[in-house]
Amino acid sequence: MTVSPRRYHITTFGCQMNKADSERMAGILEALNFEATEDPNLADLVLYNTCTIRDNAEQKVYSYLGRQAKRKQNDPNLILAVAGCVAQQEGESLLRRVPELDLVMGPQHANRLGDLLEQVFSGSQVVATEPVHIMEDITKPRRDSAVSAWVNVIYGCNERCTYCVVPNVRGVEQSRTPEAIRAEMEELGRQGYKEVTLLGQNIDAYGRDLPGSTPEGRHLHTLTDLLYFVHDVPGIERIRFATSHPRYFTERLIRACQELPKVCEHFHIPFQSGDNEILKAMARGYTHEKYRRIIDKIRHYMPDAAISADAIVGFPGETEEQFQNTLKLTADIGFDILNTAAYSPRPGTPAADWENQLSDEVKQDRLQRLNHLVSLKAAERSQRYANRVEEVLVEEQNPKDPTQVMGRTRGNRLTFFEGNLQELKGKTVSVEISEVRPFSLTGRVLALV
Ligand code: SAH
Ligand code: SF4
Ligand code: F3S
């Protein structure tokens, strides 16, 4: 008799950290002989890797979970697991809300999925949310892309932005050693990966928690030092990093990015608000003037650098005038991409308890006005690509047009052109841009680089 293989399904919500954690958890499941399925209803094990950054992200999780909990009532062998930030935030109370759950595990426990499942298989309902030292990654992630890979460099966040749940759910900063990061990148290079994105919630904090300092008292391990340390990894042609915090972004880092040819001219530096009073209430630790100086410095060294950011509208107490300062900063900088959100009060964060909350109407109105400006500015910024030749690293077929492939420019603009994926996947090609849209480009291939 042949036993059909057990199937697993993972849905990932939220940010790149969660995506990277999901890839590692998928790797663990495949080592346990599970096979992937896109359809949760066909899976023997369903895992939701969740996000709680805003209330709507959290509610989405409950609606997905409700459907699988129902399915489990008819199929008691189904294993139902919740990982990630909602799991960490809610812990045991999730079991009360969804008693069908077998496993609730916080983000720090992602690499331990195998051990935790063993306890589930032996009949326990398991909750793993205690803070732990994150185990070095000994698994083989099952990565979504064969060209571009995430590499975690620092977990957690020690900032205390007054709106944000991340420090509560991701714990304190834990940097991986430069040697471990380099070893992972070398393995990626051997496997044929071409691009690596180094990940951290506050990547500029990299190395603060590692021992060692220079004679001048500077930390021995900074993000800048890390870039120099991993830059010559064979096979890896492009290096990116995210997310940057304006408070810690240094000129030394900017110079390194200009000097090191593999580091792409693309920076994701959230500003959150263009108003100094609001920035103070958010406890961000910088002013809009300082933010502008950083962008000026980047553009001084790399005039064509792509700049992306995040912003929040409708923070408690934000006046129309203060919101105008966010519009002004957005207009002045001209972002390539700006992710915008209406402020959402999160349990366990200081700002959620303040009395000066704004109405949903005001928040939605401001969000729409900001988004309108963002698309105008992105369209304007895109114009600079028209008729230019860009280096594009080919990743996939264009899902909407099989005669085309797609990849990204060094500035991270999605670019489509006619070509054969088998031939071009993982190759960097020169593409002449013929059509520009606010967030993507179309061109024709000139040559392999
Ligand atoms: N570490 C990054 C971002 C982390 S969360 C940083 O420091 O900027 C990603 C984005 O979600 C944030 O940049 C912020 O714009 C948004 N965000 C976080 N908490 C939020 C909240 N309570 N309401 C609305 N947006 C929020
Ligand atoms: Fe949240 Fe602030 Fe940390 Fe970013 S830096 S993850 S916004 S607390
Ligand atoms: Fe969401 Fe957790 Fe990332 S709350 S944004 S998945 S760190």
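Glycine too: its Cβ is placed from the backbone N, Cα and C atoms.
Quick caveat, the model's predicted, so the values are computed rather than measured.
What TrEMBL says about this protein:
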type: DOMAIN; residues: 6-122; note: domain 'MTTase N-terminal'
type: BINDING; residues: Cys15, Cys51, Cys85; note: [4Fe-4S] cluster 1 binding site
type: DOMAIN; residues: 143-380; note: domain 'Radical SAM core'
type: BINDING; residues: Cys157, Cys161, Cys164; note: [4Fe-4S] cluster 2 binding site
type: DOMAIN; residues: 383-447; note: domain 'TRAM'
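Of all the Cβ atoms in the protein chains shown, 27 others lie within 10 Å of the Cβ of Cys85 ([4Fe-4S] cluster 1 binding site). For the domain 'TRAM' (383-447), the DSSP counts in helix, strand and coil order read 7 helix, 40 strand, 18 coil. Around the Cβ of Cys157 ([4Fe-4S] cluster 2 binding site), the number of neighbouring Cβ atoms within 10 Å comes to 22. Around Cys161 ([4Fe-4S] cluster 2 binding site), the same-chain residues six or more apart in sequence whose CB sits under 8 Å from its CB are Gln272, Met282, Ala283, Arg284, listed in sequence order. Spacing of Cys51 ([4Fe-4S] cluster 1 binding site) relative to Cys164 ([4Fe-4S] cluster 2 binding site) is 12 Å (Cα to Cα, whole number). By the rule that a residue counts when its Cβ sits under 6 Å from some atom of ligand 3, the binding-site residues Cys15, Cys51, Cys85, Cys157, Cys161, Cys164 yield Cys15, Cys51, Cys85. Annotation note: Cys85 ([4Fe-4S] cluster 1 binding site) sits in a helical segment as assigned by DSSP. The local packing around Cys51 ([4Fe-4S] cluster 1 binding site), expressed as other Cβ atoms within 10 Å of its Cβ over all shown chains, amounts to 22. The [4Fe-4S] cluster 1 site is set by Cys15, Cys51, Cys85; from the centre of their CB atoms, other residues of the chain with a CB within 8 Å are Phe13, Gly14, Met17, Asn18, Thr50, Thr52, Ile53, Ala57, Gly84, Val166, Val169. Note on Cys164 ([4Fe-4S] cluster 2 binding site): other Cβ atoms within 10 Å of its Cβ, all shown chains, come to 21. Separation of the C-alpha atoms of Cys15 ([4Fe-4S] cluster 1 binding site) and Cys157 ([4Fe-4S] cluster 2 binding site): 14 Å, rounded to the nearest whole number. Taking the centre of the Cβ atoms of Cys157, Cys161, Cys164 as the [4Fe-4S] cluster 2 site, the nearby residues of that chain (Cβ within 8 Å, site residues left out) are Glu159, Arg160, Tyr163, Val165, Val166, Pro167, Gln201, Asn202.
Only Cys157, Cys161 of the binding-site residues listed as Cys15, Cys157, Cys161 bring a Cβ under 6 Å of any atom of ligand 2; the order follows the sequence. For the domain 'MTTase N-terminal' (6-122), the DSSP-based tally of helix, strand and coil residues reads 66 helix, 22 strand, 29 coil. Neighbour density for Cys15 ([4Fe-4S] cluster 1 binding site): within 10 A of its CB lie 19 other CB atoms from the protein chains shown.
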